[in-house]
Amino acid sequence: MAVRKPPITTREYWAPGHAACAGCGCATALRLATKAFSEAMEEKYGDPNAFAIAQATGCMEVVSAVFPYTAWKVPWVHVAFENAAAAASGIEAAWKKKGIKGKILAIGGDGGTADIGLQALSGMLERGHNVVYLMYDNEAYMNTGIQRSSSTPYGAWTTTSPPGKYSIGEDRPKKWVALIAAAHMIPYVATASIGNPFDFVKKVKKAAKVDGPAFVQVHCTCPTGWRTPLEKGIEIARLAIETGMWPLFEIENGDIWHIKIQPPGGGAKVYKEGGRVVRIEFKKPIEEYLKYQGRFKHLFKRPEAIDELRNQIKAMWKVLGVEAILPKPEE
């Protein structure tokens, strides 16, 4: 009888028993990422354990390493909110000096990456360190009290962007750090989502195998900060892809003229010219994604705000070289 090989290694580097919230999408992301990293190290260096982690303060640090306990089954160091990339750079330099084969994984949330740690990240990428930076993006400072970050989407409620008579909630467009990383002309940049775990695993493995720096921005649901049902995390993340809210793409060697766009699914029609995706007609409206989330519920009383969000998404896709057709619910 044939035995089917598991789609990913059964080795575990993120142990159960950590303190993450029930339904935490970021915990899922880190478990998958470390598995994928292990596979890449085994394929490249013959050693599945040939990696170490430098992790910034944030949700996943706090829930995984409350002294004297840890959920990590790999060499791991907790560093400050702003310097995961800098610490990873130092570890990588030490490994190079000592002749240690392997790769360093730096991990930070959207606050520690898009805001506080952006300078350190830029320096790491520009210097060409052999490090993969994984940004888990749950779109706010969830660990410290659900405060807005520059990665918070337009219109979202947070404790520092509360909607009201004179406020729509978050009033700035989302910052796409992946595009900033690509501007450094590094070997590999990608966006991913727990809503498409196989794509995520493939991209982490690809990032881990390149020589030089790589950056992966993964979209993670947060039931606590997003006010969503615990059991719908993967479904909601998938809806972000299928409605156009979260694009899946790859940029290699800073070549923004040849961005590789992954099809969103959900019945969307994808049109190509010369092998490049140039137009996507989405079937599902963004309201399908918004309706499950308490952080967006006030927008349904302000349809003009949803239209503004829709326009911002179209503008983001235009930057990627794609004309996005986003339907309204009645269409």
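Just so it is clear, glycine is given a Cβ too, placed from its N, Cα and C backbone atoms.
What Swiss-Prot says about this protein:
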BINDING   Cys21, Cys24, Cys59, Cys222  [4Fe-4S] cluster binding site
Cys222 ([4Fe-4S] cluster binding site), Cβ-centred 10 Å count of other Cβ atoms over all protein chains shown, is 24
For [4Fe-4S] cluster, residues beyond Cys21, Cys24, Cys59, Cys222 with C-beta within 8 angstroms of the site's Cβ centre include exactly Ala20, Gly23, Gly25, Cys26, Ala27, Val63, Asn138, Met142, Cys220, Pro223, Thr224, Gly225
Cβ density check for Cys59 ([4Fe-4S] cluster binding site), other Cβ within 10 Å (all protein chains) comes to 26
